[in-house]
Amino acid sequence: GSGIEPPQKLQWHYYRNSCRDAERYVSTQVEFYWKLDRSLAPKPIRMLYADCFVTGCDALILSDRPYSEKTAPQNADLLGFPMAVMDKIKQVLEQHCPGVVCCADILNFAARDAAHLAGGLSYPVLAGRRDGMSSSVASVDLPLGATLGDRCSLTSNQEAWMCWILLLYSTSCSFIADRLYNFNKIGKPDPSMDSSFLAQMREQGPPNSKNQLYLDPDSGSSYSFSKSFYSGVLNHRVVLGIDQQITANNDSSQIAEEFNASFEDFRKMFALSMSRMGNIKVLPGKQGEIRKNYRV
């Protein structure tokens, strides 16, 4: 990643002169709330994904207006996002540097800090974004039931989506009921699932259950990164059918083997993918605005 030319629109240490400790203010608050509740870790990352892959990294996902992006069915799980955390971060920044740090940059800082607390690598966040001014539910075209970018191509010549699966997140039993009980409407489970793992999933997700299942059952409850997800992929012990498709492709299967063998490779690629995602369709210069309140 060090050899990639940084986008000219954004800068490292963008707030050095205007709000020197901006990133420290964010990281201090994220760590404070994370120590109170470690389930916080995946939430800013999920929020950032929902933001950047719609109209770009413009913080429109934070808007509470009627019929905004947040109200889309694809973002139903965001309704439980602890907005009070983001409110507190913004309050601190407005106290020290009023009208300087945009919500879009803060969300990128918070996602990086949350990933780092959960065991990911910290990485430099280029800044200088601006906040969008018009959020609409109609603009949300993400696949329904997606968890965190199950297949997100972040560059034209590289599928980086595998580095991006959020091992800390969960999904509803309803999204895998067909795999467990009626795969392809044949009245039987998905034959690609390991039999003991199938029994485990059926116990946790009986018919018509609304329970949540961790995407990585071995480490999800601890809200920490681990390589166990890729071991599960290679041993046919994954929750989502789309994740098992990793082994159906020789290239992606080799990547799974690499990440299973070297967790450090996964951590590096996750950080690189996060950094790239934060640069999608940003509003630089005088475009957009610097919102003083996340919600409006």
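In case you wondered, yes, glycine gets a Cβ from its N, Cα and C as well.
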Cys57, Cys97, Cys102: which one closes the disulfide with Cys19 in TrEMBL? Cys97
So, in TrEMBL, which cysteine from Cys52, Cys102 is disulfide-paired with Cys57? Cys52
Within 8 Å of the Cβ centroid of the Ca(2+) 1 site residues Asp51, Val54, Gly56, Asp58, Glu69, which other residues of the same chain have their Cβ? Ala50, Cys52, Phe53, Thr55, Cys57, Ala59, Leu60, Ile61, Gly132, Ser135, Ser139, Lys281
Suppose we draw a 10 Å sphere around the Cβ of Cys52 (disulfide bond). How many other Cβ atoms does it contain, all chains included? 27
Let me know the model's mean pLDDT on the domain 'Plant heme peroxidase family profile' (9-296). 85
Identify, among the binding-site residues Asp51, Asp58, Glu69, the residue whose Cβ has the fewest other Cβ atoms within 10 Å in this structure. Glu69
Whole-number answer please: how many Å between the C-alpha atoms of Cys52 (disulfide bond) and Asp58 (Ca(2+) 1 binding site)? 7
